[in-house]
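Peer 1: Annotated active site, nucleophile per TrEMBL: C75, in sequence order. TrEMBL lists H153 with the feature active site, proton donor. Summarising the annotation, TrEMBL assigns domain 'UCH catalytic' to 1-213. Positions annotated as site 'Transition state stabilizer' by TrEMBL: Q69. Feature annotation from TrEMBL assigns site 'Important for enzyme activity' to D168.
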Amino acid sequence: YVRDLGVQAPWRYVDVLGLDEELLAFVPQPVHALILLFPTTDTYNEFCKNEAEVRKDEKVSSNVVLYRQTIANACGTMGVLHSIANNWGYNESLKLKENSIMDNFLKRSLHLSTPEERAAVLEEDKSFAGVHEVHASTGQTETPNLQDEVNLHFVCLIERDGSLYELDGNKKTPINHGTTTKDTFLIDAIKIAQVFMSRDPDNINFSVIAATTAEDD
């Protein structure tokens, strides 16, 4: 999917098979972003109602890029987009093919002032949507209709300027989860994933993938 968008090797995504230390040791380093899939249960929705008020005065780096999600059932694409947009130009190991879909899209949207303005560019980008539709239709599971109500959601966790941020297209601003470093990012991000899981401990509908530039074995 990302190769067709113009993202070049060695940037790739790998499954995180488990959250304990033994299984995390199998995740190829370095890790540049984590994408978490989780269920949007009543417990989570209730938490989100209070989160905005609690975090309204939180410091957020101006270098963090958020796109609002205005396209239904596209949160997986938003997670991938956030992982790439927040590493391009910041992470030397992320290379985009010149004049590719992703290269042109980021050049048109990154400089915009608000998440809503960036979202408008995504809505209008037919080439970006076309690649998404092709890959979604060839997956192993049935693609939901845009009108379907889906109770699963993706968010992206990244490191920027020494802090760990949660990027969720359904939220108005990035969420600052405290300090981290490039070296400790994976462990710190997994701790945030575990917080998500602790809200619904009996639910098994969680999954994690990591963006890495380690060479594929």
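Each residue, glycine too, has its Cβ placed from N, Cα and C.
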Peer 1: Taking the Cβ of Q69 (site 'Transition state stabilizer') as the reference point, list residues of the same chain whose Cβ is under 8 angstroms away and which are at least six residues distant in sequence.
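Peer 2: Those within reach of Q69 (site 'Transition state stabilizer'), by Cβ under 8 Å and sequence separation of 6 or more, are C75, M78, A119, G169, N170.
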Peer 1: Measuring Cα to Cα, how many Å separate H153 (active site, proton donor) from D168 (site 'Important for enzyme activity')?
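Peer 2: Pair distance, Cα basis, whole Å: 9 Å.
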Peer 1: Just to confirm: which same-chain residues, 6+ apart in sequence, have a Cβ under 8 Å from the Cβ of D168 (site 'Important for enzyme activity')?
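Peer 2: Result: H153, V155, C156, I175.
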Peer 1: Taking the active-site residues one at a time (C75, H153), which has its Cβ surrounded by the most other Cβ atoms within 10 Å?
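Peer 2: Most Cβ neighbours within 10 Å: C75.
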